[in-house]
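Take this structure first; my questions come after.
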2 protein chains.
Amino acid sequence: MQTLRVDLGERSYPIYIGADLLARADLLAPHIAGRQVAIVTNETVAPLYLGALETALAGYAVTSIVLPDGEAFKNWETLQAIFDGLLGARHDRRTTVVALGGGVIGDMAGFAAACYQRGVNFIQVPTTLLSQVDSSVGGKTGINHPLGKNMVGAFYQPQAVLIDIASLVTLPARELSAGLAEVIKYGLICDEPFLGWLEENMLALRALDQAVLTTAVERSCVAKARVVGADERESGVRATLNLGHTFGHAIETHQGYGVWLHGEAVAAGTVMALEMSMRMGWITVAERDRGIRLFQAAGLPVVPPKDMTPEHFLEHMAVDKKVLDGQLRLVLLRCLGEAVVTSEYPREILNATLSADYAALVDQLKH
Amino acid sequence: MQTLRVDLGERSYPIYIGADLLARADLLAPHIAGRQVAIVTNETVAPLYLGALETALAGYAVTSIVLPDGEAFKNWETLQAIFDGLLGARHDRRTTVVALGGGVIGDMAGFAAACYQRGVNFIQVPTTLLSQVDSSVGGKTGINHPLGKNMVGAFYQPQAVLIDIASLVTLPARELSAGLAEVIKYGLICDEPFLGWLEENMLALRALDQAVLTTAVERSCVAKARVVGADERESGVRATLNLGHTFGHAIETHQGYGVWLHGEAVAAGTVMALEMSMRMGWITVAERDRGIRLFQAAGLPVVPPKDMTPEHFLEHMAVDKKVLDGQLRLVLLRCLGEAVVTSEYPREILNATLSADYAALVDQLKH
């Protein structure tokens, strides 16, 4: 087992990474304040892992709250079901909320923990690759609004993150690929050598090699923890973690939440960010294509939905959280392995990026 | 104008107290980050003060969000209307939310500011006595849940609190009295000499004497700021501010939100806390009666609803936020001017307190 640490002063916390950690009562106990625990999970994860976690927590008064599965349920109604469960079982302010599931569960359970009685303890037990390498670390929680993704939420750090690599064996291949989008992202924004490692190990990752997965998760979490430790509330460097996300969120919003997986939208969105970085003269055509090929090797879409026009993108991006005083800030690559957040770009380069024929571009890669 | 300061390190902020401050652009401007401002108010306050505040903020892109009036609307649906207004007008994360109204508006606008894009700037402009002396200071925000009051919320400090004493001239007499319940509370929990001042000045307060009101608000805010500065997240001394609130919340929940005003429920609840403190042997019968007479002089109810049984109280108090691991903690008076939070009391004294005949007790005071 590896233990990393997110360094945030009083709000610092450990990330445990390894196989078969889910039933480890000794790892959970130090982070539980009172005698009550609420496990928040969903209908897909519950049959697989809820029993083991409940057994590990047998010494506590446990309430398990099982939600419907999917980004489409990341809304107030579902959040309300968590509050109903907590209040129905009379959980007090020393209760501990445990999120067992993917990013949607972690975001919602974390936001519920942030708001319940103005804040209770919270432990992340992410069971998808995406949530293990990204959303479970760093304290971003929240729900979607019909007019925008993650528009309502809180920065709320967990007491601990417990990453059980063994839980990835039950993950559908499509979701594993979606998680790899964020893994590749760390290489692109801050760890160029990691890109080479990923190129070498992509087949092993997709074949669920536990040792290789552990390395990928660990290296991703190290990057995430470092960025979050430097900028908890995203006033600076943390925004670089959103490479591809502004374009990607527009895709998700346009398609309706849950039609594309988050990681899929991020992959196609990052291809657009690579294209724009290339048009800015910051990376070469070959570097752009290297990124595209890596997403393809991970089994991810690299072309935005056919019916999306530049106007669709601009409309959805206008409510993005990275808009400041009307200026749309974008995360771009200054070079491979180094991201910048900037609103200093010629408007025509953004327009050209939104109008580019990605299908044709990707088609050329085959030759 | 008086300027107090709530001392919370990085989250410190000023409280401005005086007459005719509402239109003072110079006081607001330093606390507004971007170019967008959202004023959140209600149908009762808007016709009285929204125009003046909009004029003071003429240099900004202002969105005014007018909500229905009343505690019954302190719920998710109304909160959602704030998010709809913010997103509809494309407010970004540098926007500033200004709460213009009483405690319900402040709590909801503050919670909306805490959650919108995971947190934006927030200014309190309280227009009721209750919110001026209590809820606008200290960062407690939130909404009610059908199973309990203020069960969903956040600790979220404003950038500034702007208290315009002149806005009290339009306050209905019943609401002025409700605010006086919290003013009296400060005397009971931490400022015994203030009780004598209140006895002398109660008529002038109820006659809306601006100078006397300013002193009462200032003295209350000094007490509140001191307690909040010592214990922002209510792990200790801050809980003493809830004198009478555990009983009072039970009354509010039982009657249905908005039937009794919060201050009215606190007054009757504080009479119960005085009764229990007396039964504990900590204050005398004469001190208990002095407290009751002060609430009566302020025009407040001092007897709980006739139909409420001890069982009703126990049921509603069981979900109170002051319950820890099943133990109900109560705020009681160790002596007049000094409160304690304790779960160390004989159960029979609590039962006797809940069963006492308050109508008969108050009737005796007339003789």
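Using the three backbone atoms N, Cα and C, a Cβ is placed for every residue, glycine included.
According to TrEMBL, the record shows the following:
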- A:65-177: domain '3-dehydroquinate synthase N-terminal' (DOMAIN)
- A:69-74, A:103-107, A:127-128, A:K140, A:K149: NAD(+) binding site (BINDING)
- A:179-323: domain '3-dehydroquinate synthase C-terminal' (DOMAIN)
- A:E182, A:H245, A:H262: Zn(2+) binding site (BINDING)
State the Cα to Cα distance, in Å, between A:G103 (NAD(+) binding site) and A:E182 (Zn(2+) binding site), rounded to an integer.
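A:E182 (Zn(2+) binding site) has its Cα 12 Å from the Cα of A:G103 (NAD(+) binding site).
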Would you count the other C-beta atoms found within 10 angstroms of the C-beta of A:D107 (NAD(+) binding site) for me?
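For A:D107 (NAD(+) binding site), the 10 Å Cβ neighbour count is 24.
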Under a three-state reading of DSSP, tell me whether A:G103 (NAD(+) binding site) is helix, strand or coil.
helix
Using DSSP, tally how many residues of the domain '3-dehydroquinate synthase N-terminal' (A:65-177) sit in helix, strand and coil.
47 helix, 35 strand, 31 coil
Tell me the residue counts in helix, strand and coil for the domain '3-dehydroquinate synthase C-terminal' (A:179-323), as DSSP assigns them.
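Reading the DSSP string over the domain '3-dehydroquinate synthase C-terminal' (A:179-323) gives 104 helix, 3 strand, 38 coil.
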Determine, for the Zn(2+) site, the additional residues of the same chain whose CB lies within 8 Å of the mean position of the CB atoms of A:E182, A:H245, A:H262; present them in sequence order.
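Along the chain, the qualifying residues are A:L130, A:D134, A:A181, A:K185, A:G244, A:G248, A:G263, A:A265, A:V266.
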Going by Cα-Cα distance, pick out whichever of the binding-site residues A:E182, A:H245, A:H262 is nearest to A:D107 (NAD(+) binding site).
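So, of the listed binding-site residues, the one sitting closest to A:D107 (NAD(+) binding site) is A:H262.
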Hey, what's the Cβ neighbour count for A:H262 (Zn(2+) binding site) at 10 Å?
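A 10 Å sphere around the Cβ of A:H262 (Zn(2+) binding site) contains 28 other Cβ atoms.
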A:F73 (NAD(+) binding site) has how many other Cβ neighbours within 10 Å of its own Cβ?
20
